[in-house]
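Below is one structure, written out as structure tokens; comments come after it.
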Amino acid sequence: MTSPPYPRRPEAAPELPGLKPGGIAARARAAMTPSAPDAAYLTGLNPEQREAVETLDGPLLVLAGAGTGKTRVLTARVAHILATGRAFPSQILVVTFTNKAAREMKERIHAMVGDQIEGMPWLGTFHSIGVRILRRHHELVGLKSGFTILDTDDQIRLLKQLLAAENIDEKRWPARLLASTIDGWKNRGLSPKDVPPGEGAVFANGKGGMLYAAYQARLKALNAVDFGDLLLEGIRLFRENPDVLAEYHRRFKYLLVDEYQDTNVAQYLWLRLLAQGSKNVCCVGDDDQSIYGWRGAEVDNILRFESDFPGAKVIRLERNYRSTGHILASAAHLIAHNEGRLGKTLFSEGEEGEHVTVTGAWDSGEEARAVGEEIEALQRAGHKLSEIAILVRASFQMREFEDRFVTLGLPYRVIGGPRFYERAEIRDALAYLRCVNSPADDLAFERIVNVPKRGIGDATVKQVHDVARAAGVPLQEAARVLTQSEELKPKVRATMRGLIEAFDRWREQSRTLSHTELAEIVLDESGYTEMWQKDRSAEAAGRLENLKELVRSMEPFENLAGFLEHISLVMDTDNGAGEDAVQVMTLHSAKGLEFDTVFLPGWEEGLFPHQRALDEQGKAGLEEERRLAYVGITRARASARIWFASNRRIHGMWNSTVPSRFLDELPDAHVRVEESRGGVGWGGSAYGGGYGGGSYGQSRFDRAEPFAASSYSTPGWQRAQGQRSREGGGSRSGFSERPGGRFDAGAAGRRGGPTVIEGTLVASSTGAPSTFRTGERVFHIKFGYGEITGIDGNKLTVQFDKAGEKRVLEAFVERV
DNA sequence: GTGTCTCTCCTTTTT
DNA sequence: GGAGAGACAC
């Protein structure tokens, strides 16, 4: 162990010593006797935290800013409820958003109360608790026992079939769009009959509502539910069966909800129904960290809390234990630009620490190189890599960092990203197992009927479908019937029969063999493993490795059904945790985490704030992006390092960018602008140069490379400058000083603004034929000299002397 | 039925 | 620069 790289401030609470299990009664007595010393879980709590822990009766809303010890309050509260003997472990409902949060909560409660945690079945995500309830009462919502939970993939395939059946052009109305539309309705607690007709008509010329209803009918027929149904059906269950609801009212004496700002309407309704029993509901949240509006989260749920639960007490936690002064001040100043917030003032009594730094890189490659160097320097100085995180806005940004780290041999770990259970080979393998487990799983059967290729193509599958529909039986059964008739060609018939018999055999074996042995047999005998063994592509080895990992991950489960249930809800695996590696993840998945050093790359208009958020959500979108920035900065304990690149490749083409407006919203006094040490550096800028003369990196602009200066005379660049100065007018504090300004305008008005990544602007505004000709010599600021070999509108194909052939926008080259 | 080529469109975040 | 869908040849 190296010494801690950063001094922990004295306020930082020491780790709570775990209470020894046993002696509940004694502890309860101790806790209830006024003169008794504090129970261990109470030590180190500040007065507000303590109040939040000890206010057990009635509704309570805890507004907890970033790093104010919110999880600590929740876990201590559970410990307190148990220690005071107010409820049994099984009478406490604790709901979190992510599996990760649930896991962490479980561990921390375990550390406080010991084995009592074993008796807490109602600690989990909204969805996992939702399934648990539905499984117990499946018959009341029209489901058979053992219903399956569809993943997104299944959902899309099902919708595609529906669209095809309705002769709807999938090009124009993609299944994916329908899926997210339906999802949106479900998030708002709307079943097909509740969807406002006008809204239902938006999709596919009025067929949206009908498709939703048809989809639900198909789900029922398949004895399946999707994610949204886990809550929606639960709500229906409670509403239609007051006796069932009453049972849960009796059961849950205390309800605790984490990350309340992220709840959507369906979750809110579900929760409200349950909370009407004991009314001892405690919600913990932070409106400034609401970053899931795009998937239906309603910050309003926080605002509604007091009216929904009359007499609710509100406690604010504002003392930050995590970050140093400069970091906290930067985050606070930034988030103050948001109008729609409850308003909290975070403070810390810690030292000022390091300034937040802002550094410009020439391009995304240099950004990655420079960050890599800084990380190596930190490593040499004794910092642990696992205390360093790179938080990106969009996952495509990760690649460049990964490439760089691979080159450097720097251990890193991508959190989130393409998830294990979403990989094609894992899904295929699971589909086989699902077919064994439940012969009626049509979607699984369809997925693997011709994987590996067996000569069963679309035409045959359609035949099977027809038989299934006519006879009202599952596909597997229909296939069996078909093989007994003369309708299939002999070869196909033999193959199909072989497959059906294999499934029968595996099902038989599943009675005697362990589920891991069974999985190995299924994968081998189906030819699936062989398919990848024969595959000579680069990923094949990794895929085989993943299959082995899949079998290994089945071990802890009792049986196949248990495993399948688990993975439908928990889409991540927890492997690789604990090793010393740089953590790379999106800002979204960083919520709730903290690190000593946080790198925040890609602060450029269009990327962050993301163009799409602005286009689709306007001002609300911008504010959510700003909250995301706030979340990012507040993840850092001691060092927050923001980066932006002047050039970034988007859709494979280089685009020049404009630094994020969020940079302008950081307070001067707490931020230091640094120069990139690597490469050509940041050769010019939007920032400062002709723009308010801000204090940022002034020296830099005075000596832009000569070629850079000339390149900045391109039309696109001047346009950006124009936009920028018209917009900014010398003010550094951003748009909030311009109330009712351009961000209230419609999406169309925003298009031409500085939010546009420059290249996009040029690309969309140049309709005229190119003034360049093939064979001309040109200069590009990144790639140097080259010769034009092809022209496509305003896109040029250039054979560069050094960089090879590239496609570039004509606005970024000039004749030589 | 399968393999291969080209074209288009896209690329935020996730239970 | 990458995935997915459609067209076309075998």
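Keep in mind that glycine also has a Cβ here, set from the backbone N, Cα and C atoms.
Of the candidate ranges A:1-20, A:341-360, A:601-620, A:681-700, TrEMBL annotates residues A:1-20 with the feature region 'Disordered'. Mapped onto three states, the DSSP output places A:G69 (ATP binding site) in coil. Within 8 A of the CB centroid of the ATP site residues A:A64, A:G65, A:A66, A:G67, A:T68, A:G69, A:K70, A:T71, the other residues of that chain are A:D286, A:L317, A:N320, A:Y321, A:R322.
The most densely surrounded of the binding-site residues A:T68, A:T71, judged by C-beta neighbours within 10 angstroms, is A:T68. Taking all protein chains in view, 22 other C-beta atoms sit within 10 angstroms of the C-beta of A:G67 (ATP binding site).
The local packing around A:A66 (ATP binding site), expressed as other Cβ atoms within 10 Å of its Cβ over all shown chains, amounts to 26.
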